[in-house]
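Working notes, structure below.
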Amino acid sequence: MLSIGLIGCGTIGTSICKAIDNGTIEAELVAIYDRHLDDVDKLLSTLKNSKPQVMEVAEMIKNIDLLVECASQEAVYEIIPTALHAHCDVMVMSVGAFSDEKLYKTIRELAKENKCKVYLPSGAIVGLDGLKSASAEEIYSVTLTTQKPPVGLAGAPYIIRNKIDLDKITGKTVIFEGSASEAVKEFPANVNVAATISLTGIGFEKTRVKIVANPALTRNIHEISVEGSFGEFTTRVENVPSPTNPRSSYLASLSAIATLKKLSDPIQTGT
Ligand SMILES: NC(=O)C1=CN([C@@H]2O[C@H](COP(=O)(O)OP(=O)(O)OC[C@H]3O[C@@H](n4cnc5c(N)ncnc54)[C@H](OP(=O)(O)O)[C@@H]3O)[C@@H](O)[C@H]2O)C=CC1
Ligand SMILES: O=C([O-])CC(=O)C(=O)O
């Protein structure tokens, strides 16, 4: 059975651990870690069948087949190269880190050298299958429009640097328009999906991102519009925010669980 170690015991990490614990994912949860040890303890107390050890990455990678990152973009720098050196496969949620071309190339090369896989779930968006198919030929444009309630953008470096008072936003307001490359740096915990789209489609510079704060919403909406030699499509998802982290949509947790489930399934659907 697949042995899993997980870094980041917040919203997505907790959902994954529970899905392993209740048998939805066929795997053994061997080790977990978070920089907030009280969050680790809280999670451990909810698990009925799994008894993971609390270990930092250096120790964890000696005991697992697959390392799951659901922590932060900064964690990707710290842990993913280390795990690949140790021949562990990895699943990354903080995909925005890959806008750093040097990091992306290093991880790609390490994965090849060590015969490892790097799994990047679709996360909070729908339509990655179509984009992947379309990328077999020419794609002319890709645009992501993300709308979140103002609280779903709180804490982003762009909001803080530009002193945007989210409490004062009373109507639908465009907060940011630019490349995916800028978007994932300015909103590292809000639009990792822009990175997954960029890696699948036409890259971080050509992918356009618009971020809208909309106080009338209770859901996180992501719309993707793609034009290419295949024709064009638009997808739209209205995501329920995770109760424990309004920035992260619940679908992102489900997508991580689905990716891990797929690893033990002999039949693989979708492109
Ligand atoms: N690909 C996608 O579609 C999506 C990706 N995400 C991303 O996935 C990641 C997890 O999301 P979510 O579970 O909602 O986040 P949470 O904030 O709920 O949980 C993350 C936990 O990991 C901890 N952490 C961060 N960095 C490290 C580190 N270097 N070492 C150990 N622990 C660390 C955090 O601590 P602290 O609070 O101190 O940072 C926090 O306790 C985030 O980066 C998020 O932006 C989220 C939604 C969709
Ligand atoms: O969960 C979402 O709606 C998207 C998100 O936070 C991310 O991509 O970082």
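Yeah, the Cβs are placed from backbone N, Cα and C, and that goes for glycine too.
Record features, source TrEMBL:
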DOMAIN    8-121  domain 'Aspartate/homoserine dehydrogenase NAD-binding'
BINDING   A124, N192  NAD(+) binding site
DOMAIN    170-257  domain 'Aspartate dehydrogenase'
ACT_SITE  H222  active site
*State the Cα to Cα distance, in Å, between N192 (NAD(+) binding site) and H222 (active site), rounded to an integer.*
12
*If you draw a 10 Å sphere around the Cβ of N192 (NAD(+) binding site), how many other Cβ atoms fall inside it, taking every protein chain shown into account?*
27
*asked:* Within its own chain, what residues at least 6 apart in sequence put their Cβ under 8 Å from the Cβ of the residue listed as 'active site', listed in sequence order?
replied: A124, I125, V126, L144, T145, T146, V193, R236, V237, N239
